[in-house]
Amino acid sequence: MKNENIFIVIDDDPVNNFLSKVIIRKVLPEAIVYEFTQPIEALEFIQSDNESHELITLFLDINMPIVDGWGFLERFKLLDAHLIEKIDIYMLSSSLDERDKIKAKSYKSVQDYIQKPLTMEGVELIASKGKAA
């Protein structure tokens with residue numbers, strides 16, 4: 001499917017997922033937004049839905065129980081290259097720790113580190129970069 005705005009939001013807090021979805025849809029009303037509170041479920045979805053979408057923007061929280069954002073990224077690196085290439089990851093976290101920002105940027109798939117909450121301006125900026133437009 002071409003020219004779709006596909007987003008995946010991964011955060012253990014369903015309220016943050018809902019708010020992110022609302023913000024995304026305010027900027028891009030036709031966007032398809034998938035929400036996950038468990039990173040492993042999101043990875044399974046990405047693997048099972050790997051032919052359906054051309055490009056995906058993924059917002060990933062860092063601090064989550066069981067598998068955190070870093071654990072997700074380590075597992076994500078093991079996916080097939082064609083899956084990795086079509087997903088842009090943005091860390092979406094409340095952490096102010098500069099070490100988290102540096103660590104996030106060490107992952108090739110991570111495009112940027114965004115401070116929570118997600119804003120309309122943040123979504124507009126990402127959309128203007130061309131993948132989510």
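Each Cβ is built from the backbone N, Cα and C atoms, and glycine gets one as well.
Curation plays no part in TrEMBL annotations; they are all automatic predictions.
Here is what TrEMBL records for this protein:
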{"type": "DOMAIN", "residues": "6-131", "note": "domain 'Response regulatory'"}
{"type": "MOD_RES", "residues": "D61", "note": "4-aspartylphosphate"}
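Applying an 8 A CB threshold to same-chain residues 6+ apart, the list for D61 (4-aspartylphosphate) reads I10, D11, D12, D13, N16, G69, M91, L92, S93, K116.
Summarised by DSSP class, the composition of the domain 'Response regulatory' (6-131) is 54 helix, 28 strand, 44 coil.
Along the domain 'Response regulatory' (6-131), the predicted structure has mean pLDDT 94.
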